[in-house]
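Feature annotation from TrEMBL assigns active site, nucleophile to CYS409. Marked as active site by TrEMBL: CYS412. Per TrEMBL, FAD binding site is recorded for ARG209, THR211, TRP222, SER264, HIS267, ARG305. TrEMBL lists CYS107-CYS112, CYS150-CYS189, CYS409-CYS412 with the feature disulfide bond.
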Amino acid sequence: MQRIIIELSKMSSRNYCVVFIIFALAIVQAVGYNTELYETAACDSNACFEQLHGALGDCSCNVDTIDYFNNVKIFPRIQSVVGKDYFRFYKVNLKKECPFWADDSRCAMKHCHIKTCSKESVPGFENGYDNDYEEMSPALKYTENAQSPCKSDTDHDPALGYLNMTLSAASQYEIAKWKAYDDSIGNFCECDDKDADAEYVDLSLNPERYTGYKGPSAHRIWRSIYQENCFRVKTNPYESFPYVLSSDLSNMCLEKRVFYRAISGLHSSINIHLCSKYLLSEKKLGFAAPPEGEWGSNLDEFQRRFDPSLTFGEGSNWLKNLYFVYLLEMRALAKAGPYLEREDYFTGNPVEDEETRDAIRNMLGVIYSFPDHFNESSMFIVGNQATKLKQEFREHFLNISRIMDCVGCDKCKLWGKLQTQGLGTALKILFSGQWDSFEGDPEQGRLMLKHKSHKRLQRTEIVALFNAFARLSNSIRELENFRNMLSTHTETHQKNIFGGSQDVDPRKVRCSAAGSKARIWS
């Protein structure tokens, strides 16, 4: 009898435990439901874009002006420009080793690989496409083999007029270092187009899009950029969140804010490219199916990367930084415009080259008309502290350009290096000082073009500058598509839940985006 009572007591205890667990789960679900509906900002068209208007900060321009100017005037023109042969081929070294850590992750997915092309396939290469790089090293000019004998003058006595122009190996080495230093003055990123391993890549055959490259390797790239190379006032309180909080930016000087916002804007642009060209499905059956699968806009991925509720409220600020770096690069194009208008854009095809020059002049004419350009003259005011700050500014960005060699996906590395070099070229134009006097005297452009060995911009820099600006322009254009998709998505979601009720507060409707706060920088 006593044993039966004990068994019944145990069963009763189990039943109470089961009831308690069920009750606890019900409470957790209820709390989670209420939190999801009411305490977290909804990711509808308002939540994701409600702050994406008005003044940008650190400049006199506003978002709405840039939206219209880019989508209506710039976007169609810059897409036409970068479609020309001159801008399709980019020379880059993708085999350069990572200088900071062992390259322990290589993307094995087929979408990570790129298709290179031979030099002979580049339009105009056989007619001197690369002539603007052909310059004998100063160290080689003074070797014995490089000297020509003076035998044409019958009155010349070689014994009396002999001039020893040979240099020792040590002197040649020193002169080579001087040349490298002179070439680096004012550069904000490394140009590896002269490397032995540099190859031409047809950008039209290797479009920037989502490749599946993610995980620790990708996270380390951006973590190194933000935590080790961006200026910071303090470490933010959120674990696994490497960004500078917008509330802390006001405690930085203008120059450091500009640096961070430029990097953040570039990162936002890259993220938008990946979201707008996402692999939605692999190969499908049927004759009309695209051979490489179906690519398109991924709304959930966009929300995961920019939803304010998943980014500690920073998503809208990151999108604003996209507009900021767009404004910065557009100012660089305007400042170098008189020079760029006189560039040859040589490919060996006279008709194509003339069309390219016309397209450039047409787009620059539109850029000149923009009313609120970024004002770089307020930065790095003369003084020892300003000089030191500019040097730090340049060195930090130079380091970021080197980090691009650590990317484990070839296609990601290609577009990362190109867009970084494009932004670095814009910074060179704005802050190196080489262009300050030039802008006031456009006729200098004619002089510089007569001396190719002293060109202020190399061909690869020009190609990177225009393609990088085209990528930013494309990102702003894609934002309009995502805004429309979010609006349609929210309306459909409301109808499904509330039966089409018109009296629903959209802020209380939770979007279907799924993601982790700790992994939004992939």
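Positions of Cβ are set from backbone N, Cα and C atoms, glycine also.
Predicted automatically and left uncurated, TrEMBL annotations should be read as such.
One residue stands out among the binding-site residues ARG209, HIS267, ARG305 for having the most other Cβ atoms within 10 Å of its Cβ: ARG305. For the FAD site, whose binding residues are given in the record as ARG209, THR211, TRP222, SER264, HIS267, ARG305, the maximum C-alpha distance rounds to 21 Å.
Looking at HIS267 (FAD binding site) and CYS412 (active site), their Cα atoms lie 12 Å from each other.
Long-range Cβ neighbours of SER264 (FAD binding site) (same chain, at least 6 residues apart, Cβ-Cβ under 8 Å): TYR243, ASN317, TRP318, ASN321, VAL325. Comparing the Cα of CYS409 (active site, nucleophile) with the Cα of every entry in CYS189, ARG209, THR211, TRP222, ARG305, these being the recorded positions, the smallest distance points to THR211. On the backbone, the CA of TRP222 (FAD binding site) and the CA of the residue listed as 'active site' stand 13 Å apart. Separating the Cα atoms of THR211 (FAD binding site) and the residue listed as 'active site' is a whole-number distance of 8 Å.
If you check the recorded positions CYS189, ARG209, ARG305 against the residue listed as 'active site', the ones with a Cα inside 10 Å of its Cα are ARG209. The local packing around CYS189 (disulfide bond), expressed as other Cβ atoms within 10 Å of its Cβ over all shown chains, amounts to 24. In the structure as shown, the Cβ atom of THR211 (FAD binding site) sits within 10 Å of 20 other Cβ atoms.
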